[in-house]
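Asker: What follows is a single structure, and I will ask about it in a moment.
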C-alpha cells in the first residue's frame, strides 16, 4: 500500500541552495524512495524571485518524479507552512558589503520571527524544522522562541555541513574512506568558531586521534580549514557553497526522519543544560536518531582544549542571542 504524501515546505526555494535541494527531495533522497511528497515552496513577494520559482517548478514537472505528489508556489509563510510535516528554512538575508553583524542579525531576526509565528499558527504539531539560512543557530533560536505552541525539540539548526567537511578532511589526512568514520562531532555555532572534535572518532574501530596523533595539525590546520571552508569556496567559486549545503540539509533531515542506526551525527538542537550549555541555546551536539527523534549523546569527557573551544563558540552564540533579544 502506498504511503500518504507528506508536506515539505522550503523557503528561499528559487535560490542557489533551493535549486540544489528540491530535485533531491522530489526524487526521494531525503525521506525515502517510498515516500511521496508535496512541495510547498516559499519565495519573497517580489516579481523576480516568484518568476524564477515558477521556472524551477517547470523543471521539477519536467523530471516526472514518481514521488512528487504535488507542489505549490507561495509568497506568504502563513500559506506555505500550512500543515507542513517538514520545513527547511533556507532563505535568509546574506551579509552585504559593509553590513555589520548586528544589522544582519536584525534583518534576519524579522524574517525568522515571522516564520516562527507562521509555523506556530499553521504547521503540523509534529513539524520537523531545519534552519539552513545563516546565522543558522540564532535564526533557529528566533524561530523556536516565536513558536511557543510547538515543542522546542521540533527546531534544529544545520551543523551537518561542518560535520561533513570535518569528515572529509579526516578521510584525506588518514587515507581512509569517509564512510568508515564514526563518532565524529561538531560542537557549537555554525561559524568559524565551531569545534570539530574527533577525540572519540573511530575508523573501523581504530581511534582517529591515535591514528593522526598531531595536536598541532588539529589546532592549526584541521580546525581552521573546516571553520573557514565556506570562505575558501566563495574565494574559489565566486559563489557560496550551495550544493554541499543542500547535501548536508538532505543528510540532516534524512537521519532525523529515518534514523542513524546508532551512528553519531551532529545537529544544532536546543540545549537542556547538558555539557554546561545554558538551556535553550541552539548548539551543535553529537546525537543519534531513531523513530523520528534525536537523542543527545551524553557523558562525554571534555578535556581542557575542548572546553576552551566550546566556551569560545558559546560566547559567540550568547552574543548573537543578546543581539536579537529585543525582537523576542
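Positions of Cβ are set from backbone N, Cα and C atoms, glycine also.
Here the structure is a predicted model, which means the values were calculated and not measured.
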Asker: Taking 134, 204, 213 as the options, which does Swiss-Prot list with 95, 101, 165 at the substrate site?
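Answerer: Swiss-Prot names 134 for this substrate site.
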Asker: Out of 95, 101, 134, 165, 190, the recorded positions in the record, which is closest to residue 115 (NAD(+) binding site) when you go by Cα distance?
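Answerer: Closest candidate to residue 115 (NAD(+) binding site), judged by Cα separation, is 134.
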Asker: Give the three-state DSSP assignment (helix, strand or coil) for residue 115 (NAD(+) binding site).
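Answerer: Reduced to three states, the DSSP call for residue 115 (NAD(+) binding site) is helix.
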Asker: How many other Cβ atoms sit within 10 Å of the Cβ of residue 134 (substrate binding site)?
Answerer: 21
Asker: Tell me, if you would, which residue among 95, 101, 165, 190 (recorded positions) has the fewest other CB atoms within 10 Å in the structure shown?
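Answerer: Relative to the other recorded positions in 95, 101, 165, 190, 101 has the fewest Cβ atoms within 10 Å.
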Asker: Listing them in sequence order, which of the recorded positions 14, 16, 18, 190 have their Cα within 10 Å of that of residue 134 (substrate binding site)?
Answerer: 190
Asker: Rounded to a whole number, how many Å is the Cα of residue 101 (substrate binding site) away from the Cα of residue 16 (NAD(+) binding site)?
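Answerer: Rounded to a whole number, the Cα-Cα distance is 22 Å.
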